[in-house]
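Comments concern the structure below.
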2 protein chains.
Amino acid sequence: MGKEGKGNFQLKTPKGTRDWSGTDVVLREQIFTTISNVFKRHGGVTIDTPVFELKDTLTGKYGEDSKLIYDLADQGGEICSLRYDLTVPFARFCAQNAVQNIKRYHIAKVYRRDQPAMTKGRMREFYQCDFDIAGQFDPMLPDAEILRIVKEVFEELPEWKGKFTIKINHRKILDGIFQICGVPEDKIRTISSAVDKLDKSPWEEVRREMVEDKGLAPEVADKIWTYAQLKGGKDVVEKLQAMPEVVANESAKQGLENMALLCDYLEIFEVMPALSVDMSLARGLDYYTGVIYEVVTEGSAPSASAKDVAKKEEKQKKQKKSTDPDEDRSNDPTIGVGSVAAGGRYDELVGMFSGKPIPCVGISFGVDRIFSITKARLDKNREATALRPTEVDVFIMAFGGGKDFTGMLPERMAVAKELWDAGIKAEYLWKAKPKLQNQFKAAENGKVPWAIILGDDELKAGKIKIKEMGLPDGHPEKDGVVVEKNRLVEEIQSRLAGKASLPVRSA
Amino acid sequence: MGKEGKGNFQLKTPKGTRDWSGTDVVLREQIFTTISNVFKRHGGVTIDTPVFELKDTLTGKYGEDSKLIYDLADQGGEICSLRYDLTVPFARFCAQNAVQNIKRYHIAKVYRRDQPAMTKGRMREFYQCDFDIAGQFDPMLPDAEILRIVKEVFEELPEWKGKFTIKINHRKILDGIFQICGVPEDKIRTISSAVDKLDKSPWEEVRREMVEDKGLAPEVADKIWTYAQLKGGKDVVEKLQAMPEVVANESAKQGLENMALLCDYLEIFEVMPALSVDMSLARGLDYYTGVIYEVVTEGSAPSASAKDVAKKEEKQKKQKKSTDPDEDRSNDPTIGVGSVAAGGRYDELVGMFSGKPIPCVGISFGVDRIFSITKARLDKNREATALRPTEVDVFIMAFGGGKDFTGMLPERMAVAKELWDAGIKAEYLWKAKPKLQNQFKAAENGKVPWAIILGDDELKAGKIKIKEMGLPDGHPEKDGVVVEKNRLVEEIQSRLAGKASLPVRSA
């Protein structure tokens with residue numbers, strides 16, 4: 001929230017955007033680092049595309065959501081829009097440069113003129129972390145690599161190990177099942193969207209939508225339900241492969257062969273324990289052509305009772321009365337944040353640009369949602385308070401007082417210079433004659449782990465004191481240790497060696 | 001340049017923007033890492049502000065350049081513009097949050113609807129790397145820290161050590177000199193802008209502008225010239241302090257005291273050898289109130305003869321005939337790229353937002369210009385070809401052929417998994433039965449330093465072969481070494497230990 005600035009001026013960021021600062025940005029940077037380290041481990045190279053694209057590039061890619069695209073004003077020249085995601089710019093890049101194959105990652109902001117809900121991490125400006133593989137390879141090998149990447153990311157993020165599930169399905173299996181159940185060809189996409197709501201709505205509600213809103217025959221809907229409930233490991237694939245009517249359908253048969261092979265690979269990669277083959281997963285976007293997956297976590301997509309749904313609808317109706325496009329939706333905590341990562345195979349998107357399709361498969365991590373959940377878990381464990389606001393390792397202080405106290409500013413600066421020369425992160429107080437108390441306070445506020453304390457007598461003897469901050473009373477080194485001044489850099493380096501550079505330790 | 005897409009569609013990025021990929025993005029990432037490591041060494045914390053701000057936030061901050069601001073379309077709700085720099089959003093942040101003091105860095109893109117000149121690194125979307133210090137401290141200590149940061153950055157960037165000069169001046173000295181020379185109060189800013197052109201234009205041309213265009217008395221202009229030529233180290237400060245008419249001026253006197261103190265501090269920090277106190281440096285922006293500085297390098301701001309200037313003007317006149325706002329300016333290689341970093345003290349800007357001024361001093365690195373120059377220097381030394389496109393350290397291959405060759409896909413995947421588990425960056429070819437030749441080619445294209453080669457006989461004996469890529473013929477390990485398979489991770493880790501992780505070694 002902003003406040004009144006000088007004059008009539010509103011001192012705030014635009015609706016749905018926020019500043020990131022303090023330990024929030026420290027934690028988010030750590031999440032970026034963890035994710036990009038995994039990407040690099042798998043041979044990922046980063047590309048950077050402009051924050052805005054020609055409007056034509058985005059047109060016709062997002063269906064109904066196109067209304068959420070931000071346009072730039074027409075100030076003469078080309079008509080441009082802010083990117084809505086990183087996938088379409090990636091496909092444009094591949095088409096424009098006739099890319100044969102690439103493993104690319106991209107961590108950047110995207111823009112959606114949606115109703116913001118801050119506490120859910122739903123903003124108008126937010127980060128995505130995408131990894132995509134383009135190119136022609138033997139079946140399911142890139143797909144297996146992506147899912148291994150998902151596993152590594154969530155096992156290495158603090159507070160996520162063992163707390164995530166990768167739901168997976170395959171468009172060809174879904175399409176086959178819809179055909180088997182008797183869904184008319186022109187209703188497959190819309191019925192697919194209805195099935196996708198099963199993570200948030202009970203079957204009765206989804207069935208009502210299919211039959212009443214979308215005109216599906218009730219017996220077709222009920223047949224879908226017998227399949228949509230299937231959920232488990234590789235056994236789901238085997239169960240479906242044992243059903244004669246399923247394998248008689250060419251699309252389902254192909255999809256199941258894909259999935260069986262993928263499960264074999266994921267067995268080798270030790271991803272299977274985190275996987276849930278889930279026939280109710282459908283994913284909204286039209287462009288998926290093969291495997292689809294999303295990652296959920298405790299509380300990220302709560303299953304709702306019919307009563308909850310009714311309540312929610314009541315609330316939404318009330319909200320529709322408002323006409324202010326910038327008004328917040330109610331931050332109802334019973335509404336989950338949805339998936340924390342999602343993706344799939346999209347073999348046709350690049351061809352929409354160049355006419356020459358390149359097979360692609362990818363994953364997008366919703367890093368702002370991941371941030372919100374990670375922060376809440378750290379807070380619960382009181383670990384968030386342990387986050388260091390800066391990476392400074394050493395605070396240089398002058399000890400003294402009274403009228404003879406010089407403040408030792410040149411001496412403190414000279415020590416700082418010596419440490420910086422050696423690459424050591426160091427600060428001192430920008431005051432000519434600082435009180436010792438204020439210097440300690442500054443070091444404590446910054447959670448700086450080490451202090452160097454300059455004293456007249458010690459300096460004359462070529463000595464200097466090093467003190468570890470925060471030692472308990474009675475610790476033998478509570479008052480610090482005196483070392484040779486000309487060995488200062490080595491003494492500090494040996495104390496810093498082996499300390500984790502990341503502010504939160506990995507789970 | 002783009003190309004024709006499917007249909008009438010133009011497959012390109014918007015004018016003045018580009019994709020970054022391949023080794024360009026690797027080198028740029030290294031520049032970011034080098035710069036942000038220096039920022040962190042000095043206690044910098046990063047903040048992240050939205051890419052667009054309320055239009056009102058930017059209004060009245062950039063003078064004539066305001067016409068270069070990109071606006072978002074009015075789609076209902078607030079009126080917003082893309083940020084023009086990182087300084088004004090930082091000042092807005094400080095005012096909004098009533099920040100008492102902060103050392104913040106911000107590496108992000110900014111937007112200017114200027115005429116692009118790709119080869120000079122002048123784009124409509126480009127990165128800035130800013131470090132700013134806000135808060136009340138003892139005189140010149142934050143200023144000295146900023147200049148020390150500048151020195152560290154350029155000494156640690158590849159191909160920059162010893163190849164940069166920090167030009168420095170002080171607004172109060174300049175204002176004092178203008179008063180002493182008899183410049184009318186209302187002409188000080190415009191005459192200051194004229195002086196600032198002395199790095200690109202000869203004195204005759206600047207004098208003509210002052211006298212003919214701006215109506216300054218010729219003798220006043222000539223008096224300015226006697227001061228503007230002063231250039232050197234701390235001696236320039238001392239020379240001016242020895243001039244009675246200069247120290248009689250309160251503004252000049254204060255400015256010189258500031259500069260003398262700063263030079264003392266920079267002596268301790270060993271920055272003086274890179275510094276040039278230069279009375280012809282004036283800087284365009286209105287908001288500077290104290291020290292101002294910019295960093296130049298060989299060829300970044302060539303001094304031009306009067307003849308060159310005439311030629312340039314002729315060319316500019318011709319270009320003005322064009323009315324297409326998106327047309328490129330001629331990429332005349334005689335036009336320098338200007339400074340590669342610049343900044344100064346601005347004590348009033350935050351007060352423009354909140355009414356409560358907070359003293360600030362900062363530096364902005366023009367990282368796209370730095371990139372262009374670094375790349376040209378590396379190319380000249382043929383080091384650019386040594387850039388690794390990815391960070392992959394190990395490529396896993398299967399050795400074999402003929403009809404019995406299985407391709408050892410599960411075995412290669414299992415080895416990859418083992419390496420990933422240990423955090424080692426590894427790839428294998430996504431092909432069930434790959435030719436050895438194609439596997440080597442993939443490793444060579446990626447400049448991957450190590451290969452692991454699986455062979456049937458060795459695997460049966462619990463062994464595995466490690467081979468360093470690119471060894472010369474006759475090297476004893478040219479054909480690789482065979483190690484115990486169960487010690488593979490350790491064997492690889494010990495070979496990788498101590499290798500630089502950055503693609504270009506620091507100078």
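Heads up, the Cβ atoms here are built off N, Cα and C, so glycines get one too.
In TrEMBL, annotation is done automatically, which means it is predicted and not curated.
Of the residues A:Arg41, A:Arg112, A:Arg148, TrEMBL puts just one in the L-histidine site with A:Asp85, A:Leu86, A:Thr87, A:Gln128, A:Asp132, A:Arg283, A:Tyr287, A:Tyr288: A:Arg112. Look at the binding-site residues A:Thr87, A:Gln128 and count other Cβ atoms within 10 Å of each Cβ; A:Gln128 has the fewest. Sequence-distant neighbours of A:Tyr288 (L-histidine binding site) (same chain, six or more apart, CB under 8 Å from its CB) are A:Arg171, A:Gly344, A:Arg345, A:Tyr346, listed in sequence order.
When other Cβ atoms within 10 Å of the Cβ of A:Arg283 (L-histidine binding site) are tallied across all protein chains shown, the result is 22.
A C-beta separation below 8 Å, combined with a sequence spacing of at least six in one chain, links A:Asp85 (L-histidine binding site) to A:Val110, A:Gln128, A:Ser364.
DSSP assigns A:Arg283 (L-histidine binding site) to coil, not to a helix or a strand.
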